[in-house]
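Student: If you scroll down you'll find the structure; I have some questions about it.
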């Protein structure tokens, strides 16, 4: 039996290592790409995303994470004989358990229009609809992506950023694919609905508390993560935003200005001279944050997608098509 595949699109972070080989020009995506070939596609995807949200609220957050992972690692796949290994087998893919629902949406779309709508576009459109359900901005998402025919599982550890990369590393990686500082600050606002597993934050709590953390918040985090050696497979975590944990809003920026960020990059985002002015502006103005977040998601999702003969339309998002 084949090994499940990785998220099936080609958005961006592979460029971080292969930048000299790519042209960062405008992609050939377009609005309403399926208006003739599958006119109900976007409505079906939105309906499925909404239904899943009402059954499993965290799926809306997962759509945003899926989009991010598609940006980090080119569309990965496994062959029908299992000879290619999935990106999802990596420890860096912790939290991707809801990726299984992508195939739920794909099945509904396939029933209407077989082998027409790519899994890559389903991920992009479900992220758009998930953001809307989470109180975020309305985003015009272009489509026309193809799904990858190969796997880069071995590169995952290099391509997917570490949870505790510095702000300099984060800015450098995003700028390498054409995402400016202001947009990068906005993208990190997705942490507003995110959560951090204890295994990725205990180093800031033990053996001594990071002096940049708000002391009272540090005590709360120690109650959430009571041991310096948490089980990496256990569901032990803390949310970034305790006031509006399921709303994409500017509370994230207010929190990090109060030194309540969970990750190193959260703290540095609020204090680094390159990013601090944008953090302050977004903390002061939710509408401004939403505008920049929308722009940033569009930039991220439109970076060098596969098109034409570069890819395929998968029948099952978990597997490479069988010729």
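Note: Cβ is positioned from N, Cα and C throughout, glycine not excepted.
So TrEMBL lists these for the protein:
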SIGNAL    1-25  signal peptide
DOMAIN    28-321  domain 'Plant heme peroxidase family profile'
DISULFID  38-113  disulfide bond
SITE      65  site 'Transition state stabilizer'
ACT_SITE  69  active site, proton acceptor
BINDING   70, 73, 87  Ca(2+) 1 binding site
DISULFID  119-317  disulfide bond
BINDING   161  substrate binding site
BINDING   191  heme b binding site
DISULFID  198-225  disulfide bond
BINDING   241, 244, 249  Ca(2+) 2 binding site
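Describe the structural context of each listed feature in the structure shown, including burial, neighbouring residues and relevant distances.
Tutor: Its Cβ taken as reference, residue 65 (site 'Transition state stabilizer') is surrounded by 21 other Cβ atoms within 10 Å in the chains shown.
When other Cβ atoms within 10 Å of the Cβ of residue 119 (disulfide bond) are tallied across all protein chains shown, the result is 30.
Taking all protein chains in view, 23 other C-beta atoms sit within 10 angstroms of the C-beta of residue 191 (heme b binding site).
Residue 225 (disulfide bond) is surrounded by 22 other CB atoms, counting those within 10 A of its CB over all protein chains shown.
In sequence order, 135, 192, 251 constitute the residues six or more apart from residue 244 (Ca(2+) 2 binding site) in its chain with CB-CB distances below 8 Å.
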Student: Rounded to the nearest Å, what's the C-alpha distance separating residue 119 (disulfide bond) and residue 113 (disulfide bond)? Just drop the number here, would you?
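Tutor: Between the alpha carbons of residue 119 (disulfide bond) and residue 113 (disulfide bond) there are 13 Å.
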Student: What other residues of the same chain, not counting 241, 244, 249, have a CB atom within 8 A of the CB centroid of the Ca(2+) 2 site?
Tutor: 192, 193, 243, 245, 246, 247, 248, 250, 251, 252
Student: So if I measure Cβ to Cβ from residue 38 (disulfide bond) and keep only same-chain residues at least 6 apart in sequence, which ones fall under 8 Å?
Tutor: 109, 112, 113, 116, 117
Student: Among the binding-site residues listed here (191, 241, 249), which has the Cα closest to the Cα of residue 65 (site 'Transition state stabilizer')?
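Tutor: That would be 191, nearest by Cα distance.
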Student: Which residues, sitting 6 or more apart from residue 198 (disulfide bond) on the same chain, put a CB under 8 Å from its CB?
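Tutor: Non-local contacts for residue 198 (disulfide bond): 224, 225, 230, 234, 236, 237, 238.
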Student: Relative to the Cβ position of residue 113 (disulfide bond), how many further Cβ atoms are located within 10 Å?
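Tutor: Around residue 113 (disulfide bond), other Cβ atoms within 10 Å: 16.
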Student: Roughly how many Å lie between the Cα atoms of residue 317 (disulfide bond) and residue 241 (Ca(2+) 2 binding site), rounded to a whole value?
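Tutor: Answer for this pair: 32 Å between alpha carbons.
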